[in-house]
Every structure is written in structure tokens, then in C-alpha cells.
Amino acid sequence: MADLLKLLLRVAEKAANVARVCRKEAPLFQLLVQEKTGVDKNKKFVQDFKTLADVVIQEMIRHDVGAQFPEMIDHIQGEESNKFENGLGESVIVTVCGMEKETAALLATVLDGDQTAATLLASAIHQDAELTLADTGTDDLYIPLSPSDLGIWIDPIDATSQYIEGREESAEEGRLCPSGLQCALVLIGVYLRATGEPVMGVINQPFNHKDPTGWKGKHFWGVSCGTVKACSVLRPKDRPVETTAAGGPGLSVVMSSSEKQAVKEALAPLCGPDRLMYASGAGYKILCVILGLADVYVLSEGSTFKWDSCGPHALLRALGGGMVDLKECLRSSGSSHCEGGHQDQGELTYHQPHTESSGVDHWANQGGLVAYLDCQMLHRVIGELKGKF
């Protein structure tokens, strides 16, 4: 299954290229934005946006993976409905066709006959990714998995609001970027259909840095399957920790600026100076933990979904960490322990919907979450939050 990982790296890079193409023409980009409504609306945001780029990327990944691994086609799920409404009020089912010309013709119906834009998008969709797989470290990787046992979650553009606003933020070396295009990520996660365990993840950051020729991306990957643990990112080194007013070493925690005040107040004593941080995008906040820019990511609400967390979760597990259901851990009586580097209970899984919920809430991480690399830091966070909200 190393071939699947290589394919996902390629399609994620193709996806990143589509995202960059769609940002090149700002007036065109504004025409692509549509509000989500009804059961597809994410409750967290006053306005949550669906873009044609989202739909195109998702369907491109589904098409390319299904072509190479047809036994997986019925188990590839994503954030977006592939039904798009054009300016004439016509509903169009967006798919990727076998030929570039056919895809362009379909996209032209979405773009109200704009052949130039449709051709540009179709070219990006059908173009092979410029990715040197020899540099990814996947050549000698053996992954004991069968495609018939796997499912895939896709988040075509996580942090869509940051992608739409398009702010170009900068961050100091070793510090996270609180908002802006850098927070927009392509997320692909692979899980075991029988257990829901995340086993493979790919993260592509289309807007990692800018040079004179434009935006350049960066990719990250991880595999966690039994004894096989491999990741493109080295586990962050143990860092010197500051001492808090309470006398213990300080943690760095990243969260949403809209997090409950009770959670912020409960965690503040655990954090040293400037170590309670805020950033946009669930995927980006998890990436900050993966890269060692934060020790933990805490979210108390059920406002993330399986497509947000599956891919990054696999990278965390590959590095010895994990991601747990916050409310389940808070309800747990007695002390839990780490097993094989992971928390022994409450780890998120990806195969079962919440049947009592409707719309996107079928697949919400309803109990909130904590992403971590070090179990001891997770336990300190859970200990501080118990009984506080």
C-alpha cells in the first residue's frame, strides 16, 4: 500500500495546484463562492462557504484514487456535496471526466459559459503533479494493508474562510501563523473500515511560502499501522519548558479564539508566558502540534468533522501521539494510561456516523477533541479541565 501513499501525495499536490489557480484571479474567485445552507451548514460559523475549488478538488481525488484502486471508490468520502449551482440557478453535478476537454465543458456550465476559466481549471485537474516522489521517503516503505479494508476522508480545502479572504500573513521562525492563507490545507486521511483507526494521512499546505514566482506549497505524510510507524516529520525534540506560577513546567496550547472563556481560564495556569495561542483552521492547529509549534490543541465544541481530523490524526499516531474525544476523557472515572504512546481510551475513530444526528453532524467530532504528541501533557490538560465547564 505504499503505492496508495504515493498516489495520495500526488493527488494532494494536484489539489494544491487547483487551489492556487483559483486564487490567481480574484474577481473570478468571488464568483466561485457560495454559502452553504440547510443541512450542509456548519453551525460554528455565521457564514460557511463552499467553493467550486472545494468540489473540484474532492472529485479529482475521488476520480484518481478510484481509477487506481477501484475497490475503494465507494468508501471515499468528503466534506462537500458535488452539486453546484451556477449563476442561472441551474444545479450541476460536478465530476471529473476521462478527458480534459469533457471536464472543461462540464465546468463551463458551472461557470456560466466562461470557457477560459473552465479550461484553466480543467487543465489543473488533469495535469500531473510536479512532485519528486524519490524525495518523499516512501520508496522503501512497506505498509501491510489491503485497499479493500480501507476508507478515505477528504477535506479539499480546510480553513475555507482563510482561503477566501486570502490574507498573506507572516510568522517568525518556530512560531505558528494565527491566520491567513498558510492556514488553508488539503487533508486526506485513510482509516480501517472495520475499526475506524486512522492509518495513513497526507497534509498539503498550498500556501506555505512565497517566492518571486508565486506561492509554493509543502506536504507532510504519516503512516501508523501496527508496528509500522513512519512520518515525513521528525518528532519534535524535548524542549526546555518554562515554569508557571503554579510551579510546574508550562505547556503551549493552541485553540480557536472563539473557544469558551471557561476553557481559556482553566488552561491559562498551565501555560507559560505567551503559550496560550490562537490560530485558524482545525487542520492547521493539528499541524502545529505535529510540527512542535504547540504541545496540544484543545477544542471543547463539536465543530470539527471526520474529514478535518482523520489525516492529521494518522500523522500524530505515527509520531507517538494521538487525538481524543475531550468529553469522553472528561467523563472517564479513574486514571487512564498510555499504551504504545497513545491514550488507551477516547481516541477518535472514523467509521461510524452519529445516526441520531442529521446532515454534516452525522460525522462531527461531537465531544470536542484534544490533539497531542505526549500523553503526559494530555493528562495534565484533562486534569485541569475536569469539572471546569
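Each Cβ is built from the backbone N, Cα and C atoms, and glycine gets one as well.
Summarising the annotation, TrEMBL assigns Mg(2+) binding site to Glu79, Asp155, Ile157, Asp158, Asp308. A sphere of 10 angstroms centred on the C-beta of Asp308 (Mg(2+) binding site) encloses 28 other C-beta atoms.
Packing around Ile157 (Mg(2+) binding site) is summarised by its Cβ count: 29 other Cβ atoms lie within 10 angstroms of its Cβ, all protein chains included. Sequence-distant neighbours of Asp155 (Mg(2+) binding site): residues of the same chain at least 6 apart with a C-beta under 8 Å from its C-beta are Gly78, Glu79, Leu185, Val186, Leu187, Ile188, Gly283, Phe305, Trp307, Asp308, Gly311. Those same-chain residues not listed among Glu79, Asp155, Ile157, Asp158, Asp308 yet with C-beta within 8 angstroms of the centroid of the Mg(2+) site C-beta atoms are Asp54, Ile154, Pro156, Ala159, Thr160, Leu185, Val186, Leu187, Ala282, Gly283, Phe305, Trp307.
The local packing around Asp158 (Mg(2+) binding site), expressed as other Cβ atoms within 10 Å of its Cβ over all shown chains, amounts to 29.
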